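Here's the structure we're looking at; comments come further down.
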Amino acid sequence: MGEMDTLKKEADGLKAQIEAARKAVNDTTMAAVASGVAAAPRVQLKNRKTLKGHLAKIYGLHWSADNRHMVSASQDGKLLIWDTYTGNKVYAIPLKSSWVMSCSMAPSGNLVASGGLDNMCTVVNIKAASPKTLRELDAHEGYLSHSRFLSDTELLTASGDTTCCLWDLETGKQKVIYKSHVGDCMCLAVSPDQNTFISGACDSTAKLWDIRDGGCKQTFIGHTSDINAIAFYPSGTAVITGSDDCTLKMYDLRADQEVNGYQDAALNAGVTSVSLSSSGRLIFAGYDNFNCNIWDSLKAEKVGVLSGHDNRVSCIGVPDDGLGVCTGSWDSFLKIWN
Amino acid sequence: MPGVINMDELTDLDKAKMERDQKKIEVKLERWMMSKCCTEFMEAVQAGVEEDTLVKGIAEDKNPFKELKGGCVVC
């Protein structure tokens, strides 16, 4: 047997052992455990504000930690920073490349990051006398699909080159590269304790990483297509994923497997984006079919819909205080609901 | 720098080794019973539900996103 065959046989054997170990702890279902919980009330959220200003498809949004400001990115070539209480635009930042795929804001509110088909992540200081580019992080060999700040000095990125990366913003250099996915990385989410992060990729898997040592700790399977969106539950013990296979899945990190699935036979649109209400009870999922569905995490039932966009919902976010949910769309509008 | 590898330079053999090595790490994980995980998860969620605005709703006068009617407030 050649070396390739030996290695493959070994890997297959280990995968079978992993599946057996997962099965061995699979003594119940979330549906059974949650059967005694009262159903979530039918959720009827109203569109309180529509933020108008972008001139093309919106690809990303991210709330500030101050629960009031928000950054959005559009292929009109601009990042806009909004005061969501008044609906006013506070800053408009022109992008060198208009092919933006994501944006994020640092917890401090001082910095925003964006990137896309330019393969770069551009970090801008918005609190300088006038917004000023701090860094152009230029080492990924594929598009930048997602980014999240750990602080004003560290940033995580996910890329179409199949890797994720931790950057030192003081030097502009890569600190850690996270290598294990075999498909484009599409999304990432940081654990509440900031020791780990989870990534979703076009290889249909989600992977949990140790931020500091770069090691992949766990791999979650089950999706049958690209994972476009991912989020941590507030407890830090579970994650939710959204995929082109039209489903969402909850994976428990300690059981190391899927514990709940969210799908509807009538739904044949891919999930583009996902966000959670403050307790984690409600999942907000944006789909290719212009809507956002609201799911009960525990009972896996659809409990509401946000309709109002005239095109794909590409991004969703709930601020830390949980007072509302914002949807961003290819129709160029952002809508705030509660 | 931990983890530096250029994916383009990896041969199929390298990739197969990486997969095998990764599974060797994952097989060692201690997994908790689903009953324990699901119960704890459910309790954590329910503990936060009373304070969860998107589940419970928000009073009009406390809603920071409410439509601002025209007019000014002179202080």
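Glycine is no exception: its Cβ is also placed from the backbone N, Cα and C atoms.
Model, not experiment: these values are computed from the prediction.
Quick look at what TrEMBL annotates:
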- A:51-92: repeat 'WD' (REPEAT)
- A:137-177: repeat 'WD' (REPEAT)
- A:178-219: repeat 'WD' (REPEAT)
- A:220-261: repeat 'WD' (REPEAT)
- A:306-338: repeat 'WD' (REPEAT)
Among A:51-92, A:137-177, A:178-219, A:220-261, stretch most in contact with the repeat 'WD' (A:306-338) (C-beta, under 8 angstroms): A:51-92
Residues from the same chain, set at least six apart from the ends of the repeat 'WD' (A:178-219), whose C-beta lies under 8 A from its own: 142-143, 145-146, 148, 150, 156-166, 225-232, 234-236, 239, 241, 243, 245, 251, 253, 256
Secondary structure content of the repeat 'WD' (A:178-219), with strand meaning DSSP E or B: 0 helix, 23 strand, 19 coil
The repeat 'WD' (A:51-92), counted residue by residue under DSSP: helix, strand, coil: 0 helix, 24 strand, 18 coil
